[in-house]
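Copied over from Swiss-Prot:
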ACT_SITE  LYS46  active site, proton acceptor
MOD_RES   LYS46  N6-(pyridoxal phosphate)lysine
BINDING   ARG145, MET328  substrate binding site
ACT_SITE  TYR280  active site, proton acceptor
Amino acid sequence: MSLPFSQDERDLAAGGILTIDLAALRHNYSAIATRIAPTRTAAVVKADAYGLGASRVAPAFYEAGCRDFFVAHLGEAVALKPFLKPDATLYVLNGLQPGTEAACAREGILPVLNSLEQVENWAALATRLGKKLPALLQFDTGMSRLGLSAKEFDRLLENVTLLSRIDIKFAISHLANGDEPGNAVNARQLAKMTALLARLPKLPAALANSGGTFLGKTYYFDLARPGIALYGIDPERQHDFSDKVAHENKKPKHSILPVLTLSARVIQVRDVDKGATVGYGGTYVANGPMRIATIAVGYADGLFRSLSNKGAAFFGDTRLPIIGRVSMDSITLDVTSLPEGTLKLGSLVELIGPHQRLEDVARDCDTIPYEILTALGNRYARVYVYVNGGGTSTTA
């Protein structure tokens, strides 16, 4: 009978190690919650907590005081529920597909009702069960994605019976430009939200996403639902595609701590002569004798093909440029600047960490941090740690 991998064996066998700092996650939640109090602060944990593992991340937010958790799909909520205590509430942002209403009610999960059809379906179930059912009601205030349109809202107000069957816990909307403090769309959406609320019986409301929590008290209402800021990304800087600045100037503006590091293992080091081509298509040609190293991660692991011949890894303070095309399972680095013998089979290089932020990698990929974060695949060895005061405690 074979024995299961130990944690050390899993780490060694994987192409890379994704280290997630649960203490930093709790810090980020607490920092936002404290700053916007007495507004309640929820945590958005959709897409498996932005790829970091909802079953580990959501309990960390719970320990920091969070009791409200937003996911995108009902299946995500059902899967996460066993990892949270009974006083936690799960909300489904995308609402419900027809035929799933009974399961949602049975599990005690609250849907966000985004259309008149979803409202009608939820109210119909309430009628069959003979009781009001709790839900959130979303309005479209300018994003044109989810939420009741102005016409649907008018029709809803005309149907008193329909409204009477639903226990509306929050009226919500979503900011399209919350990460751009000077964008006039924010004020227009706030005005629309305020006008809609004035036409309803007094209800708790929610508007602010991560960026919205930095726009001022008028955006807070009764519940905020930050997402990307909890995961270490300053919402005002996530779209910064300018050249890298000095490392000391990269500190987040809003007391948000980075929550992850990513390292990859070297699987081969070789010397090549001038004129040697590297990778598929031979898109990189050595302009002289050089030393190259291949690492065991690729676009299947969230390091996109757009990093080909740009971007880098680090070993200590030394930048190691990516050369050639990114493959599915490997990336090649120029390591000529390191002394011979520094890197060998099994050595680790930094892809995300103190020398290179997640935002830097996203910029090199011509994308946003969300896309990189949620694409980090399940082939990494995942290590969850608590880092406090310079010390590290590792958890399985």
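Cβ atoms here come from the backbone N, Cα and C positions, even for glycine.
Source: prediction; values computed, not measured.
Structure with Swiss-Prot features highlighted.
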residue	record	DSSP (3 states)
LYS46	active site, proton acceptor	helix
ARG145	substrate binding site	coil
TYR280	active site, proton acceptor	helix
MET328	substrate binding site	coil
(message) Say we define neighbours as other CB atoms within 10 Å of the CB. Which of the recorded positions LYS46, ARG145 has the fewest?
(response) ARG145
(request) Ten-angstrom check, please: count other Cβ atoms within 10 Å of the Cβ of TYR280 (active site, proton acceptor), all chains counted. (result) 12
(request) Based on Cα distances to TYR280 (active site, proton acceptor), point out the closest of the recorded positions LYS46, ARG145, MET328. (result) MET328
(request) Report the same-chain neighbours of MET328 (substrate binding site): residues 6+ apart in sequence with Cβ closer than 8 Å to its Cβ, ordered by sequence. (result) GLY298, TYR299, ALA300
(request) Quick one: pull the CA-CA distance for LYS46 (active site, proton acceptor) versus ARG145 (substrate binding site), whole Å only. (result) 17
